[in-house]
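Peer 1: Take this structure, written in structure tokens, and hold onto it; I'll ask about it next.
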């Protein structure tokens with residue numbers, strides 16, 4: 001399951017991902033499973049135990065939502081965990097501790113000195129074998145991590161395997177919208193790094209008619225393509241090497257790419273900072289944290305042309321009020337198109353879905369808000 005939920009001071013601030021898995025969990029229990037072992041990650045602890053990333057609060061919340069006991073286990077592998085899951089009382093529900101406390105889950109970690117390392121193949125296999133011994137049937141309902149080649153996704157060797165209800169719902173919606181969409185298909189891309197989204201961008205360039213590139217990744221595009229001075233804005237060294245290839249593919253596929261021409265900038269990454277809007281070069285000491293009014297207008301026109309819209313990644317740092325306007329404009333234009341013209345609108349990616357939820361009841365107008373993070377990167 002994907003229980004990667006926001007936790008502040010030990011309290012879950014948004015339980016949507018937990019609630020989204022309840023139909024699958026209830027179906028397993030109602031259909032005679034002797035026990036249910038749930039596993040998930042939370043945050044990015046880099047292969048080390050970190051109490052701030054413990055799933056214990058999730059177990060407590062899940063117990064309340066299910067109305068039945070949920071046993072929280074202090075680890076996810078090893079003899080003690082295997083013993084606890086081997087012959088439990090009928091109807092038992094277990095939640096394992098965060099899979100990412102072990103570097104073998106992601107195949108990489110960071111030691112206490114801050115140095116990156118990789119566990120051996122033997123260590124990874126031992127970890128996978130222990131997870132495999134915890135059950136008889138493997139059900140994947142973690143749409144938010146389904147795109148990752150992690151041990152819990154790709155390394156559990158059980159012959160009986162199935163997709164959960166949430167996974168099925170997400171896959172059905174994305175395939176219906178992207179394999180045979182009403183056109184034009186507009187993709188709005190945000191996010192910090194080009195290199196993190198290269199596979200997504202390449203996949204979508206095969207299907208879409210227009211693409212808006214905003215968010216932190218836009219600065220890498222602008223610096224590479226236009227030699228723009230970007231001040232203290234985010235720059236992705238790895239992503240810079242693939243920018244031209246993306247532009248070339250877009251031209252080859254006749255996809256119109258929209259990049260920002262103006263930016264709302266701050267001298268600090270915090271509310272109350274000095275805010276300036278720059279069209280063109282950004283001076284040293286300032287960083288771009290939202291799109292300016294010029295791209296907002298171009299984006300509004302693209303949305304008015306579209307019949308299907310996929311939005312993945314906010315264009316600005318919406319958590320800071322001064323840099324929220326671009327995200328709100330995107331959202332309201334998409335809501336209007338969905339409501340007034342029956343456009344199919346899909347909001348995907350953890351940050352984008354979180355932003356949509358902050359807009360209250362208006363978010364109900366969106367055709368589909370995905371529970372996935374990077375996995376809703378089709």
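From the backbone N, Cα and C atoms, a Cβ is placed for every residue, glycine too.
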Peer 1: According to Swiss-Prot, 192, 197, 216, 288, 351, 352 bind ATP; which one of 252, 319, 322, 328 is annotated to that same site?
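Peer 2: Site partner of 192, 197, 216, 288, 351, 352 for ATP, according to Swiss-Prot: 319.
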Peer 1: Where Swiss-Prot shows 215, 318 binding ADP, which of 191, 231, 239, 326 is named for the same site?
Peer 2: 191
Peer 1: When you average the Cβ positions of 192, 196, 351 for the Mg(2+) site, which other residues in that chain have a Cβ within 8 Å of that mean position?
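Peer 2: The answer, listed by sequence position, is 190, 191, 193, 197, 215, 216, 217, 313, 349.
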Peer 1: In three-state terms from DSSP, label residue 351 (ATP binding site) for me.
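Peer 2: It is helical.
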Peer 1: For residue 288 (ATP binding site), what is the secondary structure state per DSSP, taken as helix, strand or coil?
Peer 2: strand
Peer 1: For residue 197 (ATP binding site), which of the listed binding-site residues (3, 40, 147, 191, 215) have their CA atom within 10 A of its CA?
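Peer 2: Those close enough are 191.
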Peer 1: Would you pick out, from the binding-site residues 196, 319, 351, the residue whose Cβ has the largest number of other Cβ atoms within 10 Å?
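Peer 2: Result for the most crowded candidate: 351.
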Peer 1: Measuring Cα to Cα, how far is residue 191 (ADP binding site) from residue 43 ((2R)-3-phosphoglycerate binding site) in Å?
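Peer 2: A Cα-Cα distance of 17 Å.
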Peer 1: Quick check for the class: what is the C-alpha distance, in angstrom and rounded, between residue 40 ((2R)-3-phosphoglycerate binding site) and residue 313 (CDP binding site)?
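Peer 2: If we compare the Cα positions of residue 40 ((2R)-3-phosphoglycerate binding site) and residue 313 (CDP binding site), the gap is 23 Å.
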